[in-house]
Amino acid sequence: MSDKRIATTDAGAAAPSLEHSQSVGPNGPLLFQDQYLVQKMARFNRERVPERVVHAKGGGAYGVLEITEDVSQFTKAGLFQKGARTDSFVRFSTVAGELGSADSARDPRGFAMKFYTEDGNYDLVGNNTPVFFIRDPQKFSDFIHSQKRRADNHLRDHNMQWDFWTLSPESAHQVTFLMSDRGTPASWRNMHGFGSHTFLWYNASGEKFWVKYHFKTDQGIKNFTDAEAAQIQATDPDSHIRDLHEAIRRGDHPSWTVNVQIMAFEDAADYRYNPFDLTKVWPHEDYPEITIGRWTLNRNPENYFAEIEQASFEPSNFVPGIGPSPDKMLQGRLFSYPDTHRYRIGPNYLQLPVNQPRNKVDTYNYDGPMTYRNPTDPVYAPNSMGGPVAAPPDTWSGESYEVAGEIIRHAYELHRDDDDFSQPRALWEKVLSPSDRDHLVSNIVGHASTPEVTADMKKRVVEYWRNVHKDLGDRVAKGLGA
Ligand code: NDP
Ligand code: HEM
């Protein structure tokens, strides 16, 4: 008997031929009864799930988070206790481009981390920048529409991008990052990751703190210039997927030093910046970074579709010791991600191996398309039959805090130093080197010089940058001839 593997239909019957469809004679029409052919074509038509509406192009890897310092005074979360090692998964991505778009495009990079903790999944769905373009989730879909494609000609359009940004001055800080060379990182290994939002931490006694996460690359920051990025786009659109995959394959495991900034719970009310405003950082002179551990990537996925395309991250996945802050953007995201996964992958997306928690799931939610975790009785709660009950009250104690006020639609209350331009101005004045500044100017000028950008828009672009810093605005004006 031959030891060759025999191909089968999906139902397990031997495949009659991998090359020839069943026909009436060698030249005759094909038969509907050839279910192997029908199955093959029908399955092919259903190979794709919809691509992510944002962050469609990406890649990732598995790794481990190791905590080296004692931060139990700030959080009781098991994964952040000294000595803890937690399996992890990350997906890096660009934001605006489609599934086949180039990795080296000018864009923020997604930095989505999943930690498979003993207490369930903890997801930290951040970017390679500490801030964002907007501060209210009402504006998210409009912002993304301005970055994607026009309705009429299906082209991306820098005029509409600058239109949105110049009408949304809160974007200035993030657009400064985006237009600097950090908008074109040389690889995913050579960029930092930020949780970006402020989150709540609470310790075993229920004391609360606010926290920001900074994952600082141990490989060093390395960026492409605009010209280098364009050249790589043309020659190797998958450069970042390739770089990460090859590094891990040759045993060159990239790592990041894990830092946090901690703010006392009570300090938030009158800190000089609104600490929940996602367009702001907490300056280091106020809140220095504290190193708590290291995060290392050491294993490539084996199947892109199963592990990257079907990966689902949720800013709403918290574990005891960690919770959301009142950051309005974060609050919006708590809804958006599980909702998009139910649509994009299906309601049982958390049963897929890459998304599945490593601890036991015991839930009254069940059934639906493609489930393979079937319930046992009792199927309702409360019950008197020994079904699962709620976690003891002390598990989540500390997550609660008081809020009160009138129900309104209003911008954040301004704190003492809040404005849209002083933090990007600090970046220009005290952080960027002379060559960083030269590149920022030329990147802005290049971006705002494409044919669709109108003369009137160029004036608005100059004004926007003059608000960040007069020298920057003047140099952009000179470059644009505006
Ligand atoms: P600091 O001088 O203490 O910190 C400056 C920060 O900027 C460092 O984190 C540095 O870390 C980072 N940085 C250095 N070069 C660049 C660059 N070319 N592009 C972007 N970031 C860079 O000052 P402050 O904390 O007072 O912050 C001043 C400004 O720095 C902020 O307004 C913000 O724009 C920017 N920044 C601040 C961060 C924060 O959390 N406080 C974080 C990142 C940026 P590294 O070189 O390792 O990236
Ligand atoms: C992906 C919504 C802000 C980081 C997504 C997706 C949606 C979305 C719908 C697609 C998810 C999927 O199909 O798997 C929103 C909304 C936001 C917002 C409504 C604001 C209100 C942000 C911010 C960050 C961020 C501020 C970073 C700080 C990411 C990342 C991904 C993503 C990294 C890709 C996740 C992955 O790799 O699967 N976002 N987003 N988003 N978003 Fe956001």
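Going from the start of the chain as shown, residues are counted 1 onward.
Keep in mind that glycine also has a Cβ here, set from the backbone N, Cα and C atoms.
Marked as active site by TrEMBL: His55, Asn127. What TrEMBL lists as heme binding site is Tyr337. Annotation comment: TrEMBL describes 8-389 as domain 'Catalase core'. The region 'Disordered' feature in TrEMBL is assigned to 1-26.
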### Query
Which residues of the same chain, at least 6 past either end of the region 'Disordered' (1-26), have a Cβ under 8 Å from a Cβ in it?
33-37, 39, 43
### Query
Where His55 (active site) and the residue listed as 'heme binding site' are concerned, what is their Cα separation in Å, rounded?
12
### Message
Using a Cβ cut-off under 8 Å and a sequence separation of 6 or more, which residues in the same chain sit near Asn127 (active site)?
### Response
Pro108, Arg109, Gly110, Phe111, Gly193, Phe194, Ser196
### Query
List, in sequence order, the same-chain residues at least six positions removed whose CB sits under 8 Å from that of Tyr337 (heme binding site)?
Val125, Ser312, Phe313, Glu314, Pro315, Ser316
### Task
For the domain 'Catalase core' (8-389), would you mind checking the mean pLDDT of the predicted model?
97
### Task
Would you count the other CB atoms within 10 A of the CB of His55 (active site), including those on all shown protein chains?
22
### Message
DSSP secondary structure for the residue listed as 'heme binding site', reduced to helix/strand/coil, please.
### Response
helix
### Summary
Reduced DSSP state (H/G/I helix, E/B strand, rest coil) at His55 (active site) is coil
### Message
Using DSSP, what is the helix/strand/coil residue split across the region 'Disordered' (1-26)?
### Response
0 helix, 3 strand, 23 coil
